[in-house]
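First the structure, in the form of structure tokens, and then the observations on it.
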Amino acid sequence: MNDLSHTANDALRVSVLSEALPYIQRFAGRRIVIKYGGAAMAHAELRAAVFRDIALLACVGVQPVVVHGGGPEINQWLKRLQIPAEFRDGLRVTDADTMDVVEMVLVGRVNKQIVNGLNQLGARAVGLSGSDGGLVEARPWGDGSHGLVGDVARINPDVLEPLLNKGYVPVISSVAATPSDGRAHNINADTVAGELAASLQAEKLILLTDTPGILRDRNDPESLIRKLRLSEARQLIEDEVVAGGMTPKTECCIRALAQGVAAAHILDGRVPHALLLEVFTDAGIGTMVVGRENHSSEADN
């Protein structure tokens, strides 16, 4: 590589850092809740990129909170243990045997893998389940016909405040107990992330998915909608432009925004460093939904 190439690469790095500076200043000390799952969890290179993004966010003074799922690994263990996997209404039907596997995988394996990966990068991560300290109180989902599938009844943010204020990165698995009988329930990780973001009055809720974001035409990746107001997001659901698996994710964003979260983002976790591209660049990626008109005019991110 010649001197001119070195100079061009150095100039590009300086330009990237310069572009990131106002966002670093804006979000220092702010809380960002990240739902981590999908392809970004399944592939080693993407997993490493997500860990580096989260570690960098913490390094520059942002307070990230990570909520994770782990569906593919749960399925692998169910198959290994010859326990049939059943889904109904998009939810995993969870009997007692399945719940044991869910808890083992999410709390005992996936959570520790994320914590170890972040700690290797100096991020000071702490692993928790929703049950720890009563962080998340569960209630049975619907009429109980899905077994030990839960919904969020209450969030106790006091569990996280000391950790965040001392620079730790909470990593939370979406398993929580019902206070009446202490039984563990499997809760959708998007739901937990959204309710945590609202309870912490987070600046941002970020959902890493396996799609580019909200599409005007779900069969056309080029029809990505980059920015929506809360009212527009509701209208897209009503008009069935948002449908299928994107509906609960969009509804999760809407609930978080309605409770005071400034912005919610649906990003393509298959894109390396999607988190940094969304938070620290002018263009961003994915879809941003904003709940306040003035937030949209303050910044594109």
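Placement of Cβ uses the backbone N, Cα and C atoms for every residue, glycine included.
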Same substrate site per Swiss-Prot - residue from Asn186, Asn219 joining Gly70, Gly71, Arg92:
Asn186
Taking the Cβ of Lys249 (site 'Transition state stabilizer') as reference, which residues of that chain separated by at least 6 in sequence fall under 8 Å from it?
Asp190, Leu207, Thr209, Ile266
If you pair up every Cα among Gly70, Gly71, Arg92, Asn186, the residues annotated as binding substrate, what's the maximum separation in angstrom, rounded to an integer?
12
Based on DSSP, name the secondary structure state of Asn186 (substrate binding site): helix, strand or coil.
strand
Among the recorded positions Lys35, Arg92, point out the residue whose Cβ has the most other Cβ atoms within 10 Å, with all shown protein chains included in the count.
Lys35
